[in-house]
């Protein structure tokens, strides 16, 4: 009887691992294809696509595509622009949206439910529908910079950052998470005489690791993959992000090897960000909760 | 004190005048060549030469990737942020002129009388843009294959008839040596479709729109000639002469070179690469399906934005850039057809007897522009879909009728695309 149970257990384990391996393969193979193809010549790359060779480091391998990518486009500048715009937006977004969420959950001001409903309603509006009105708006906004008062935000970092700081989804994530926090903590802090800002900073935010990590990852992906918005508001190469930069490689005959090299290079910040946040994510889960 | 003031005033005035005499007014220019190293180097060279050649104007370049260039220009036009000089693909020019993005070139058109017809962007009787080069499509073939299959070599004066073309397809297929007789580049579902395949429809006697007034496609895109074209087009795929819309994009680049196809319907921009790998490649004119042998014309051209306050300076630059030496330099570097015969003589490939001289002849004799109307931006998309659907087996008459409905509805919606 014990032997049968052990066999069933082993079979289940094998099936489970097979399914997991299959899922891992599905996720890893595109990345593997990208990295391997970045090391091959265009002719070999295209010839290999019809077989498993596409995923293997076979044939004449070299770093020529990487050199070609750097020659064709200012890759470093594009990566810097994207990392800067994305990083700044993520930080500001976490700050603004968490404060908004805090206000909706803990500060009992009149009309907050209506305002929250309106903010959530923006989730069903696709960005494409407001892109043109937003473009017209930002092209006429004032700004005080190093050169004094200027009109129009086009061709700048701010035009890529500011419109993206607050969004319905991030606010919603914070609201939902804050609602689940134990009310006793807030009450206790109030009794102790803490101000609302102190409660936000010292009590609520330290307990919000998981939602911060989730919101940061989602925002990071949205921002790093920005294409349409920077395409229409940025005309100068100086401010172009990575996704618009990808178009440099699609000429009449696309340089596939260089495209794969470029994609490999621009994937590095995403992986780095994920790895860093993954640790923070696990750590925050481990330390969350009301300690006895 | 009064003396001091006078002296200071005189000094300021003198400095002001002298700096005005030497200051160059900046002209902004947008170009679609970002990521194209060779093209960027050439355009920068022309700009440097122009800036050094005179003291009135200084051109500053901003390059954009070609794929997203039109979107950037449209967005900038909305935001009132267009540059002085911009380049554009020939067939989109009428739409931009109609939309008010462009102003006619303040240059006497007679100055470009020797330019290939495809390089001149004329809309509503006015010259809006001028190109340094044109592009052309030809039937790529191997001399050895032609001999093996016993085919006559077509010429500009005597291109293949429909029967001869179909006999060539049949012979190539039946030889059993190829995956398919001809590669048409069916995987590239962008502007390639109207550019490369509309000439077939025109050769059958149809067109994308009635060009007498550009108000309707009825009767030309779904008339008898168009139906005959549709049946023939579908038969190319049904009979297995050409790979269909699921063709591997790689095969349009390398299939002919690798010997998978006997023929390839391809652009002159792939000619240099093919010549290097296929010794006996020949570039043949389009077949004549009954109404003459035709290919598409019109490539990238320079124009001046309506917003420019320095049209005279922009025109000076365009005149400077269209000198023969620059037309030849572009042609030598990127393989495109120089706009004038005199420039062609300065190039390696297009001079008389040169390996690509045939393309100059093709462009001069056969190039027909895509419909010169603001509605073309919609019409081209409709044609792409119709040609792909018919290739995939859709009913020819129904598909073309639906295409006509779409085109006519768009023209009606835009009040006939009348000029403002």
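A Cβ is built for glycine as well, from the same backbone N, Cα and C atoms used for every other residue.
Taken from TrEMBL, the feature domain 'ABC transmembrane type-1' applies to A:79-277.
Taken from TrEMBL, the feature transmembrane segment covers A:14-36 (among others). For the transmembrane segment (A:14-36), the list of distant contacts is 54-57, 260, 263-264, 267: same-chain residues at least six beyond its ends, Cβ to Cβ under 8 Å.
Under the heading transmembrane segment, TrEMBL lists A:83-107 (among others).
Summarising the annotation, TrEMBL assigns transmembrane segment to A:114-136 (among others). Beyond the transmembrane segment (A:114-136), the same-chain residues lying 6 or more positions past its ends with a Cβ under 8 Å from any Cβ of the stretch are 100, 104, 163, 167-169, 171-172, 175, 228-229, 232-233.
Annotated transmembrane segment per TrEMBL: A:156-178 (among others), in sequence order. Counting residues 6+ beyond its ends, the transmembrane segment (A:156-178) has Cβ neighbours under 8 Å at 81, 84-85, 88-89, 92-94, 96-98, 100-102, 104-106, 116, 119-123, 134, 138, 143, 204, 208, 210-211, 214-215, 218-219, 222-223, 226, 229-230, 233-234, 239, 241 in the same chain.
Positions annotated as transmembrane segment by TrEMBL: A:199-222 (among others).
Annotated transmembrane segment per TrEMBL: A:259-277 (among others), in sequence order. Residues of the same chain lying 6 or more positions beyond the ends of the transmembrane segment (A:259-277) and with a Cβ under 8 Å from any Cβ of it are 31, 34-35, 37-38, 45, 65-66, 68-69, 73, 75, 78-79, 82-83, 213, 216-217, 220-221, 224, 242, 245-246, 249-250.
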